[in-house]
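Colleague: Relevant sequence annotations retrieved from TrEMBL are reproduced here:
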- A:7-32: transmembrane segment (TRANSMEM)
- A:60-81: transmembrane segment (TRANSMEM)
- A:93-113: transmembrane segment (TRANSMEM)
- A:142-159: transmembrane segment (TRANSMEM)
- A:187-208: transmembrane segment (TRANSMEM)
- A:223-251: transmembrane segment (TRANSMEM)
Amino acid sequence: MAFAIQFVIDVLSLGGAYALMALGLVIIYGILRLVNFAYGELIMVAGYTMFLTSGSGLPWIIMAVLAVGMAIVFGIITDYVAFRPVRAKSVTAVLITSFAFSNLLQNAALLFISPRPRNVPLPDIFSQTVSIGGAITPVRNLITIAASIVLLAAVAFLMRRTTLGIAMRAAATNFTMARMLGVPANLIISSAFALSGFLAGVVGILWIGRIGTVVPGVGLEPLLVAFIATVIGGMRSLPGAVVGGFLLALIDTTLNYTLSQDLLKFRDAFTFSLVILILLWRPEGLIKGPASGQRT
Amino acid sequence: MLEINDLSVSYGAIRAVRGVSFSVGKGELVSLLGANGAGKSSTIKCIAGALKAAGGSIALEGKDITTANPEQVIRAGLATVPETRDVFPDLTVAENLMLGAYIHRRDQAGNRQNLEKLHTLFPRLAERSNQPAGTLSGGEQQMLVIARALMARPRVLLLDEPSLGLAPAIVERIFEMIETLKKSGLTILLVEQNVNQALSVADRAYVMRLGAIATSGTAEEIRATSDLSAHYLGG
Ligand SMILES: Nc1ncnc2c1ncn2[C@@H]1O[C@H](COP(=O)(O)OP(=O)(O)OP(=O)(O)O)[C@@H](O)[C@H]1O
Ligand SMILES: [Mg+2]
């Protein structure tokens, strides 16, 4: 029983984090059909903001809010620097500019801060554990689960109930038609980047909370995870990203529990093999995106 | 009301529209006819701001909108129903209509009133309010895109082949509705391949051929020359 509870909490907390990461990536992809390779660096920005404000004596929650705020700001900057100037010209150009911007941010962190890990302030509660039904689990896992439930609900509300969210969904299926109804292209794209930055910021704090330190390359794994989760779930579907995130977490956690110590080194190889199998079975991902308003 | 002067549209090296000029007066229903590939849709998309003009000018109520982007064109009072019948398939009928009123989103009372009016014009849409638009039939989708365009309360409406691929009974209904809109004083530019139907509701018509205006005149005049036009209009 304790084992089952432990397993479920591990899957849900990892899955919640993966789902939020994937959602942040797919929100941009859905609208622009472009992968933002600088997405992982938004997580890095959140981490370094925490590090840089750690000596300020501010309450932790204020530092966290600042970190999320900076991730939003850098999300919007990504649009202005890497996407907007070349968006209309070519997909290849945007791939290169977003890679370049990702590199630029990482190198700035290397140069101006340090290549070595820096401590990120965390409230005590992050390192405490609780016992639930005999399973000992870190409180931060429960915080991650709660945060992902709240954020997934908030994003669902935004996308289904607000004019901005509905306009963003419309723009994701047919950008030109949405503009022809008066929905401003730049507002939609900036909102998508801001939302993406917001998710990256929150997930960044939760993610970095596991290790307690930030390094310039901290964003690589989240970017990879988000990318794989969206590919499994369906690149163009928001629910797909969430499903993909939880499924990937289920695969990873199951492998963690079942693989022997020598095989655990190759966990990612097993994960990728499973991902390939899923894609052979469902090349478009588990959940197909909205049909793109075609002639009937 | 709408003045097109020497308009050209290019796709790379392909010149789809070559110096087209025409006008639509206030309250007038003008039809733009022509065979497949004549450049009608390109002209429409260019007026709507979805394509850049390679030359010439477009003026709406005396205001130059040649370089306006789509969101500016709709705010200027011109709504477009593209031939691709672009409903947002995963949004509900109600959400599609709500987005049609995006530029009036601060005036919810006005939108409700307008929606009620449109629901009497298109009762089917009222019944299907909470259904994803992608599940509507082709005719219903066409009604939806027209109603959605009207939610913007435009003064000029561009309709690109509203009868495309629809059963005769539905086409009949669509044309009745177009007449109703005309009677309400709306200025309409109607692109059609359904020449007889189009001429029966139009005041005037222009016939496009290979990217240029080949013939123009009142509906009667065009109909009188229909022997000639039958060749390239296909009826
Ligand atoms: N995206 C595009 N890229 C290249 N050429 C295009 C494009 N769209 C249209 N064309 C070309 O421009 C010309 C005019 O096309 P357009 O769609 O304006 O014709 P149309 O009169 O609306 O035809 P139809 O009655 O079939 O809708 C055609 O030769 C077409 O092949
Ligand atoms: Mg056409």
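Any Cβ shown, glycine's included, is placed from N, Cα and C.
These figures come from a predicted structure and were not determined experimentally.
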Colleague: Would you confirm whether the transmembrane segment (A:60-81) and the transmembrane segment (A:187-208) meet the contact rule of 3 or more C-beta pairs below 8 angstroms, pairs 6 or more apart in sequence?
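Modeller: In this chain the transmembrane segment (A:60-81) contacts the transmembrane segment (A:187-208) - 3 or more Cβ pairs sit under 8 Å.
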Colleague: Would the transmembrane segment (A:142-159) count as touching the transmembrane segment (A:93-113), if touching means at least three Cβ pairs under 8 Å and pairs must be 6 or more apart in sequence?
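Modeller: Since fewer than 3 Cβ pairs under 8 Å link them, the transmembrane segment (A:142-159) and the transmembrane segment (A:93-113) do not come into contact.
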Colleague: Six or more residues out from either end of the transmembrane segment (A:223-251), which same-chain residues have a Cβ under 8 Å from its Cβ atoms?
Modeller: 11-12, 14-27, 29-30, 35, 37, 39-40, 152, 155, 159, 172, 271-272, 274-275, 278-279, 284-290
Colleague: Taking a Cβ cut-off under 8 Å, which residues six or more beyond the ends of the transmembrane segment (A:93-113) line up next to it in the same chain?
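Modeller: Contacts of the transmembrane segment (A:93-113) (Cβ under 8 Å, skipping residues fewer than 6 from its ends): 32, 34-38, 40-41, 44-45, 48, 51, 74, 78, 81-83, 85-87, 216-217, 219.
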Colleague: When you scan the chain for residues with a C-beta under 8 Å from the transmembrane segment (A:7-32), skipping those not six or more beyond its ends, what do you find?
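Modeller: Beyond its ends, the transmembrane segment (A:7-32) has Cβ neighbours at 39, 42, 83, 87, 94, 132, 135, 137, 140-142, 144-145, 147-149, 151-152, 155, 168, 171-172, 175, 188-189, 192-193, 195-200, 202-203, 206-207, 222-223, 225-227, 229-230, 233, 235-238, 240-242, 244-250, 252-253, 256-257, 289.
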